[in-house]
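One structure below.
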Amino acid sequence: MSVTALFLLFSLGIAMTVQDCSRPLGGPNMDIKGDDITLDSFPDGAKVTFVCDVGYRSAGGSPSVTCTAGKWSDLRMTCESYNCGPAEEVTNGQIDYPTGTEFGAEAVVICNTGYKPVGQGRYICGDQGWMGRLKTCEVTTCSPPPAVPNATFSPSKEFYEYRDVIHYSCLKDLVLGGSNSLTCSENGTFIPDPPTCTSVLCKKPDSPERNTEWAGGARPPYKHKSTVTLKCISGYKMNGSATVICEINNQWNPPLPVCERVVTTTTTTTTSPPTTTLKGVVSPSTPTTTTTTSRPTKTPKDDASDVPRTLGIVFGVLISVAVITICGCYCFGVPACIKRKRGDRRNNTDKEAPHDGEDVALS
């Protein structure tokens with residue numbers, strides 16, 4: 001009886017010790033390796049190995065577990081994302097990693113100023129490192145610059161690279177307006193805009209309408225950058241700059257000055273003498289009167305215009321003096337003279353005639 005009981009208990013212990021294990025669970029980013037991935041139950045003593053998912057790799061620890069009495073041993077392995085690290089260097093550019101350098105990330109090529117990326121496709125971080133072809137950076141080129149009428153440029157080439165410079169020059173006596181140098185820019189065009197070649201000729205700066213005269217400097221024709229100094233005619237004062245320069249727009253700079261007539265002030269003082277009455281009483285004198293008159297200064301033009309008026313005044317004065325002289329002589333001197341002469345004549349006659357009773361001497 002006791003032997004039978006012991007046998008039954010031993011058989012029950014063996015049955016309890018030998019148990020299957022269910023499908024083991026792995027850690028993040030891993031799965032069962034090989035054909036075991038299809039099984040749901042594993043016998044006692046079975047060993048299962050885990051492997052990291054694509055894009056991940058083992059960070060250390062044992063990848064296997066063992067089924068013992070229906071339980072799996074602890075899994076020691078952990079998986080981390082695969083990191084490709086920095087990509088190779090790019091000449092005349094650099095690489096940017098917007099999402100990092102781990103599995104699935106893309107490397108973007110950024111070229112330096114004046115260079116452009118060349119190539120197609122993407123450069124991706126895979127489970128074995130970077131995959132694809134990295135783009136390269138090539139220098140930007142410009143087409144030949146536009147032709148400018150009446151101008152030439154140098155040097156002349158089939159194409160121009162970034163930062164290449166060309167120089168324009170005008171033909172004959174034409175003046176260049178704008179920049180004479182253009183540069184091949186990073187976007188493949190020449191900057192700034194092309195210049196122009198024009199003929200520059202300014203009008204005569206001195207003008208009677210402005211009351212100005214030439215004082216010094218250039219003489220006609222007045223071309224670009226001709227410099228002239230002006231002055232006012234006599235009796236006028238300048239308003240503006242006396243020196244002007246002929247600019248490319250055919251205008252004088254600064255604007256031509258204008259001469260304005262100078263105004264002078266004349267002060268006249270009049271004093272009345274004391275007044276004396278018949279009895280010798282002196283009456284108070286009249287207060288002194290001062291008159292101030294402002295008038296423009298005369299110019300040679302004004303003097304010329306006053307000549308007829310002056311001659312008229314002179315003739316008028318001469319005629320007046322002659323008339324007064326004649327009248328004065330007639331009123332005062334001439335009758336007295338006539339009377340005196342007549343009296344003398346009568347006296348002489350009386351002396352020569354014999355009186356009554358006097359003998360006349362006979363010869």
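Just so you know, the numbers here start at 1 and follow the chain as drawn.
Placed from the backbone N, Cα and C atoms, the Cβ positions cover glycine too.
Not measured: the values here are computed from a predicted model.
Recorded disulfide link (TrEMBL): Cys259 to Cys232, out of the candidates Cys232, Cys246.
Here the CA atom of Cys52 (disulfide bond) lies 74 Å from the CA atom of Cys197 (disulfide bond). On the backbone, the CA of Cys52 (disulfide bond) and the CA of Cys170 (disulfide bond) stand 75 Å apart.
Counting every protein chain shown, the Cβ of Cys52 (disulfide bond) has 24 other Cβ atoms within 10 Å. The Cβ of Cys232 (disulfide bond) lies under 8 Å from the Cβ of Asn211, Thr212, Glu213, Met238, Cys259, each of which sits 6+ residues away along the same chain.
Taking H, G and I as helix, E and B as strand and the rest as coil, DSSP gives the domain 'Sushi' (140-199) the counts 0 helix, 26 strand, 34 coil.
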